[in-house]
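According to TrEMBL, the protein carries these features:
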- 353-485: domain 'GGDEF' (DOMAIN)
- 494-751: domain 'EAL' (DOMAIN)
- 7-28: transmembrane segment (TRANSMEM)
- 34-55: transmembrane segment (TRANSMEM)
- 67-87: transmembrane segment (TRANSMEM)
- 93-112: transmembrane segment (TRANSMEM)
- 133-151: transmembrane segment (TRANSMEM)
- 157-178: transmembrane segment (TRANSMEM)
- 190-211: transmembrane segment (TRANSMEM)
- 217-238: transmembrane segment (TRANSMEM)
- 259-278: transmembrane segment (TRANSMEM)
- 284-304: transmembrane segment (TRANSMEM)
Ligand code: C2E
Ligand code: MG
Ligand code: MG
């Protein structure tokens, strides 16, 4: 217990001692002694004023300090009331006693300004005012009718007015105290607040006693009433001092407005019934007027609540719409997101309206993302989204972002010409250069188109559009493909194939063939490319063209490629062992981008080389142009391999996004001209392809790279290619992919006449 607690016990003890002393003294002496009777109250209330002042001094926060200071003044005013009562010799309440009492009530109510009565909205304030008025009116009606009827003859008008005023004041004070006691938060202690209600309650009893006119009652009031109020205030102050530094717990909010109204309305209603039963006199009329007033107030209060409820409801609805909007839209682009799009699509399908979905996926966006970094890539996507939105036709087509670099367009019809035009329009929109910061980016999109059939669900439509989009990607990207049911079969076929491929790798169904690469000038075998074959137990031979893409998509390419690398290197080591100088120097192994993305790929290559006793010079890894452009991680892997001494060949050169800067940026050693260019060479009909073939040879010469022509099938092709500057070649004309022993036999065979002399194959 702290110091202020101890100090506060003094007024309590002084007050109680005085009360006991006065009671004893009155018992012994004159029970009619007004001075004596008032003395206990005076002392108790003075003690209360002191206690409140002490608490206000010790209070940590301004509201609590203000509250108790006003209560100190309240108690002081009541001391004045007791003194006024002492001076008044006659029975009843003198007006000059009522004035300090009313002042005290006013100050007490004012003190509650420091206690948050409830969350302080204007409506709360208005409601409280209405409650107060209702209670005041009810109180007035009560006093004017019931009590005045019972007041003995000869009671002075002054006493009547004073009693009514104090009574109504006490009622009002009860409303205020009650509200404060149930306020959900506040710094003044709730127990202290509850104790303080003794004041107005005692006031009401006092008024009734006074109006009852019994002098004994009066004395009882003086002897017990004022001291009781004083001690109550003391106790409240004491209680507050004990919990001064403790944050009062939050109280559940409940309203006493309801019960108060109920008492006011029913009380008045009973009076109205009684009055109406009798003849109406002046007071009766007052009752009726009061009743009407209270009814009006209640109506106003209800209207107020109604309005408030409506406002709250509107707020909730607004929030709900806002939340829905956020849940259905994409944070980056503001377009509808996948959920929003699915809802719109479902809505159309449910109404049986035609719907077509274009699923737009940006090609090689991963590369853009890696080059630009995530925030600039986001900027690019936001720009692209804006462009797609503008590209959409008014409100007939709607664009959404399904996630990442995937967008979707919902179109209202399925007519083929319209779809083709739309696909071309969106492809064109993606294909124009997009500026981001200083740079301009050129993007391409693969588009899958799905025309919804009656009875389709949104999920099916999106899944099929996705399948079509993948078909577009496999068809060489930057294109659009319309979904056909067989594609789904292909997809499931692929899934089954992937499962079987898994067993094939483990079960030894794979083997390697080796296709010789010839020196077109000397006619000697220069190297060999390892090409994987799958002998399926039921399907028979499965082409790598069919299963390599499946392996890439499923990730199986990683173990598969690992097996090929080890097997090919082992084979070269065997050849070099048995054929010595006669064996080719290096073996070419195809590597998929998925393998290059594996963090441990460089280590794997090093391990295979060291296990097989080869040097990095003995290995050429064939990669495609698109894998070189995959991103920084793959680029680093390629540089590490090159530094190690492994050579890199760009396979199928000329078919991808061949870019000269790519050749400068990456450590390439060999260019392999794609077969499609070789095909067009012989008859010379395709001048464009001819020009590319020639340009690639020149490029290789300038950059000091080896140029290899793939897929040579005729003598004519070979000669033209050699004339263009191709030193090396590979094709059925010289040799098909062969088993290891057949390939070994060719290594030691005579040089190919077909190459060196331009004559026929021996
Ligand atoms: P590629 O690396 O461009 O291999 C050359 C392909 O052209 C081989 O087909 C080869 O048999 C074929 N070819 C060679 N000369 C001629 C010719 O004169 N005429 C014709 N019509 N074709 C010729 P293959 O073995 O079916 O392989 C196809 C593709 O599968 C390869 O293209 C390569 O991209 C991939 N591939 C094959 N084996 C592997 C492997 O072990 N790993 C990876 N990642 N991919 C592989
Ligand atoms: Mg190859
Ligand atoms: Mg190739």
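Backbone N, Cα and C atoms are what each Cβ position is placed from, and that goes for glycine too.
Model, not experiment: these values are computed from the prediction.
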Near the transmembrane segment (34-55), which same-chain residues lie under 8 Å Cβ to Cβ, leaving out any that are not at least 6 residues past its ends?
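Same-chain residues near the transmembrane segment (34-55) but 6 or more away: 4, 7-8, 10-12, 14-15, 18-19, 21-23, 25-26, 68-69, 71-76, 78-79, 82-83, 85-86, 88-89, 219, 222-223, 225-234, 237-238, 240-241, 244.
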Taking a Cβ cut-off under 8 Å, which residues six or more beyond the ends of the transmembrane segment (93-112) line up next to it in the same chain?
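The answer is 66-68, 70-71, 73-75, 77-78, 80-81, 84-85, 158-159, 161-163, 165-166, 169-170, 172-173, 176-177, 179-180, 196, 199-200, 203, 210.
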Provide the three-state DSSP residue tally for the domain 'GGDEF' (353-485): helix first, then strand, then coil.
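Across the domain 'GGDEF' (353-485), the residues distribute as 60 helix, 35 strand, 38 coil.
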Could you give the mean pLDDT over the domain 'EAL' (494-751), rounded to a whole number?
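Mean pLDDT for the domain 'EAL' (494-751): 91.
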